[in-house]
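Taken from TrEMBL, the feature region 'Disordered' applies to 27-77. What TrEMBL lists as compositional bias 'Low complexity' is 31-60. Residues or ranges marked as domain 'CDC20/Fizzy WD40' by TrEMBL: 172-401. Per TrEMBL, the feature repeat 'WD' maps to 218-259, 301-332, 375-394, 421-453.
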Amino acid sequence: MAQFGFENDIHSILKLDMPITNAPMARWQRKASSSAMSSLSPMKASNASQNSSKTPSKTPGKGKKVTPSKMGGDRYIPYRNSKQMDIASFLLAKENESGDAKTPGASESQKALSVQLNGYNIEDAKILHLGGKPLNAPEGYQNNLKVLYSQATTPASVKKNRFISSTPDRILDAPDLRNDFYLNLLDWSSRNFLAVALHDSVYLWDASRGDIILLMKMAHEEDYICSLSWTKEGNYLAVGTSDCKVQLWDVENQKRLRSMASHTARVSSLSWNDHVLSSGSRSGHIHHHDVRMADHHITTLNAHSQEVCGLTWSPDGKYLASGGNDNLVCVWPRVQDGSISNDSQTVRCWSEHQGAVKALAWCPWQANILASGGGTSDRHIRIWNVNSGSCISSLDTQSQVDAPSETMCCGFMHHTKIKLYNGHEDRVLSLTMSPDCTTVASVAGDETIRLWKSFELDPLKKKAKDKFIKSTSGVIHQSIR
């Protein structure tokens with residue numbers, strides 16, 4: 001009997017007649033609860049033909065297998081509230097209702113009922129809802145895509161357009177200026193003094209102060225000035241005259257140091273290379289003068305058959321370029337110290353020009369590159385490589401090239417016309433550049449000198465240059481007055 005009693009106790013313990021308090025809700029209970037809730041929602045009216053116990057057969061995004069992207073990065077998964085989705089389905093079904101069933105009174109009552117049941121107006125409900133604030137990036141994090149998609153312009157992408165005025169900054173009168181293509185009547189010193197030859201006189205214009213100084217005048221009225229050239233230091237000025245002489249003037253003391261006679265015709269071109277002064281004559285000869293020696297004439301160069309109207313030394317002092325009325329461009333080697341010769345040979349000699357060559361300019365950054373410009377019959381600017389002897393480029397300017405300038409070589413190396421100035425009423429005879437390389441001075445047959453602001457200058461370099469010019473020009477101005 002005791003054995004049967006023990007078995008009965010076991011069966012009574014294992015019986016499930018008593019409710020389980022901590023167990024989850026049964027499935028039929030969950031369905032009954034869901035049906036009761038759906039009977040109170042507005043969806044009952046639009047889905048009357050359907051069984052209230054059934055849930056929507058399809059939900060947005062259900063049934064599609066979503067896999068994470070293989071390209072990397074995080075997928076955006078919005079927070080979807082079940083109540084919001086039910087409201088979205090109701091709004092979609094409500095759009096199919098006829099407009100006759102909607103009245104202003106009913107809409108107001110529905111709005112009030114929606115606010116009481118849901119806590120907000122269904123018309124303003126959102127299907128997607130993002131909750132919480134985004135996390136801050138870790139310290140030191142940099143987004144590499146920020147630069148790629150940034151709209152802010154970087155310094156490299158900003159194209160700076162340099163403004164160049166089309167009107168001259170200043171106009172100076174040059175009365176009695178000789179309108180002669182073969183003469184070189186203008187030069188600007190490193191101490192900011194502009195020298196100009198007006199018939200038989202040489203005038204200096206102090207660009208820092210604006211003062212005008214008469215430096216010298218020829219003894220005879222029939223004689224005239226043919227060429228001017230400053231030394232590198234800017235304290236001495238060489239003057240070529242029509243009476244076949246070359247005069248050397250001390251500007252600080254306003255005194256002529258010497259008069260050198262060696263030519264047999266007027267001296268129309270001059271160029272300095274340290275203590276050696278080269279002069280070109282109408283006879284076609286080029287003379288080298290060592291101004292330190294009493295017997296100054298050290299070398300004669302013979303290649304031109306007509307007047308030498310263009311003469312310039314290269315920046316490194318290695319080559320001398322000459323142009324003549326015989327359409328030739330010649331390049332000569334440097335003069336050796338202490339040598340006296342009458343048989344110097346040219347390094348190069350080009351005859352491609354079809355007119356007189358007066359305009360000559362060396363490239364500032366490539367000492368072996370030379371630019372030459374032809375006269376009325378030629379009208380071309382040609383760029384030469386002295387080492388190879390080849391013509392790098394050629395450009396038809398549609399006009400005679402009268403004035404030599406370093407900017408000619410810089411601009412036409414790539415056939416680039418930076419600016420066209422219109423102001424002179426007659427042909428331009430000479431060009432020269434200011435010591436700070438910001439202003440170009442031009443003199444023309446209309447008896448005017450025009451100053452053109454063409455190039456910008458770094459503020460720090462301008463301050464240092466002005467300080468140097470002020471200290472040097474002040475001494476010159478005081479001594480002359």
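Including glycine, each Cβ sits where the backbone N, Cα and C put it.
Just so you know, TrEMBL annotations are computer predictions that nobody has curated.
Only pairs six or more apart in sequence are counted, and the repeat 'WD' (375-394) with the repeat 'WD' (301-332) gives three or more Cβ pairs under 8 Å, enough to call it a contact. Sequence-distant neighbours of the repeat 'WD' (301-332) (same chain, 6+ residues past either end, Cβ-Cβ under 8 Å): 181-184, 265, 268-274, 278-288, 342, 344, 346-351, 353-362, 364, 367-368, 370, 372, 374, 378, 382, 384, 386, 404. Look at the repeat 'WD' (375-394): DSSP puts its residues at 0 helix, 10 strand, 10 coil.
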